[in-house]
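Reviewing the structure listed below.
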Amino acid sequence: MRRNQSSSAAQGGQGDATAGAQNTSLLQNGAPNVSVQMTTYSPLEGGPSRRDFADREFQFPWKAPSDVDESVHGTVSRFWERQKASYRHKVETYSWVDWLAFFIPCVRWLRTYKIKEYLWADFVAGISVGFMVVPQGMSYANLAGLPSVYGLYGAFMPCLTYALVGSSRQLAVGPVAVTSLLIGNNLKDLVEGSDKISNPNDPTDAQKPIQQRYNHLAIQLALLVAILYTSVGAFRLGFVTNFLSHSVIGGFTSGAAITIGLSQVKYILGISIPRKDRLQDQAQVYIDNFHNMKWQEFIMGSTFLILLIAMKEIGKRFKRFAWLRPLGPLTVCIIGMLAVYIGHVDNKGIKIVGNINKGLPKPTVSWWGPMPDFKDLIPIAIVVMLVDLLESTSIARALANKNKYELVPNQEIVGLGLANFAGAAFNCYTTTGSFSRSAVNNESGAKTGLACFITAWVVGFVLIFLTPVFKHLPMCTLGAIVVSSVTGLLEYEQAIYLFKVNKLDFLVWMASFLGVLFISIEIGLGIAIGLALLIVIYESAFPHTALLGRIAGSTVYRNIKQYPNAQLFPGIMICRIDAPIYFANIQWIKDRLRAYEARHRSWSLEQHGTKLDYAILDFSPVTHLDATGIHGLEQLIEQFANNGTQLVVCNPNVTVVKAMETAGLPDMLGRDYIFVTVHDAVNFCARQLAERGVSPLAAEATELSASDD
């Protein structure tokens, strides 16, 4: 690796020796003529020879020592050594309290808990979320096709566990709408006859075995999700959520919001119809059964829906009325139950929830096995885990940033996994962090995980003492609560933003949205993820390349399309490759470089009477070079050499240098033609031309259009 120490002097000669100007056309390739100004370039006089010009071997300071094993085994060994060193450091420095905090994260905030400042805020937040999650949990359980009490169980035991092992201090864990929809839509296909059960709380004698099997599968699914969660966190695989972009999840949740809302409209209309996944099927069923609508339930349900939306919007827009937002669901529940108790509306066509089991959840570990439906449950578990993981971790990160504390991502994932383990052991279906309840928790002033602990015991109080009261809750109330809750998931503003900013992201959003609505939830999500990955592959296989010119009076070289006044050099072509070079994109890169070569050769020869002697490649953005890429570079070296052009490489990183040296590419290229900076390479090439009697000219491009750079 060579470095030109005479670059500063050469820069002065190149930038200052100006002798006249004339207009010409640049790189004609079917594009309009480009006006350029010609400047004579004066190289250093009496300089060293070509071999001595780059006068010393330059070793990158980050270059790996030759004795470092770069194989997979060596990489794994070094990782293992780092882990052992980290463990030894902890053994030597950790106190017993530090070890307790390592395994039980709540100890971290308990050690610094300020009772006077935090206790009242945590109490208010916990009570607020508790009032909100009780009716929501019951509604979401109904959406999942489970008895309403399962929603209360899901807001009790997982909350207690997460308060101990979770790293987020404001995240509200419990049942959520999207997860409930995924479970309800998938389990009904595994349990024949479950789609005909209109009220899971009071199935008929013939439906009880069907509902019991459905409940078992929901617990087994929660166990599988817990295993996946914990495995992802323990093995630090949280990066898998990077493949679920915000455009994918935004379109998915928006489509799911409409699907969820339509599935609950039947309770507001008072009609009994089977559950359908696709929008067109739901619309057809509603049209066919609209004549069975009960006006009593419609009036009550629509009134509750309007009241819920009004309280939520007032609470969001006016800070002094923020307390209305969490109280909305509980308010309509109280009004609905009073209507049943006082007005006896259940005798006038209003359906009620019915039986709700009293008491804390019972152990369900015995339900974990055997698991004959494992092959059918594991794909559902993967989809549920991925969606829940992205939703929950994104909320937790946002809350941690807002409240200025550090979130441990893998610990957070493990905490959610342990919360689901506890839920699967005590009659709960899958739970995760909730957008709406976490927002209320944060806005109510939650400071630590104690708020989540208090929320759990609010639900526990309801389970122990108040479940007989909720059996008189009208079903239309639950439907109105779900519909009002999912309106916040319809992210139409995000679609408008993506359309303005990035059309490809908008395409992914629409694919996810329309796929969920018109095909199915899983297929729609799969299509969106596949399309997003296809875009990634496309952008990787067709990377950006650029023809570079020098910014006048500097040693900076930039894309001439972005900087049309950058100076070009007849006889010296400068290009940049803005991506790793590997099997998927090497052919595209070769084609682009050949196109640049043809244009620059024609321009140099026809306009300035100079043949193309040097092609400089800026490797600064190239982070990786595989075997196919090396083979492609070998072909380029030969092809350029056959055309009388010497290939020059600038600033390859240590990984690329090692790959090139392993393949013997520096010897084939010539070690004198590898430089640290583009400017060093340009000065070197200009001097070689000057030594051969060729006087390079710097061309200042003032216009460049219709370029395909």
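Placed from the backbone N, Cα and C atoms, the Cβ positions cover glycine too.
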Exercise. With TrEMBL as the source, identify the stretch among 1-31, 63-93, 187-217 annotated region 'Disordered'.
Key: 1-31
Quiz item: Top stretch among 144-165, 323-342, 448-466, 472-492 for CB pairs under 8 A with the transmembrane segment (118-138)?
Solution: 448-466
Quiz item: So how many of the residues in the domain 'STAS' (562-685) end up helix, strand or coil by DSSP?
Solution: 64 helix, 23 strand, 37 coil
Quiz item: Counting only pairs at least 6 apart in sequence, do the transmembrane segment (323-342) and the transmembrane segment (472-492) share 3+ Cβ pairs under 8 Å?
Solution: yes
Self-check item: Best-contacting stretch, by C-beta pairs under 8 Å, relative to the transmembrane segment (448-466) and drawn from 144-165, 217-239, 472-492
Solution: 144-165
Exercise. For the transmembrane segment (144-165), find every same-chain residue at least 6 residues outside the stretch whose CB is under 8 Å from a CB in it, and list them.
Key: 104-106, 133-134, 136-138, 171, 173-175, 179-181, 183-184, 187-188, 194, 197, 200-201, 211, 214-215, 218, 275, 353, 356-357, 360-361, 414-416, 418-423, 425-429, 431, 449-450, 452-453, 455-456, 459-460, 462-463, 467, 470, 478
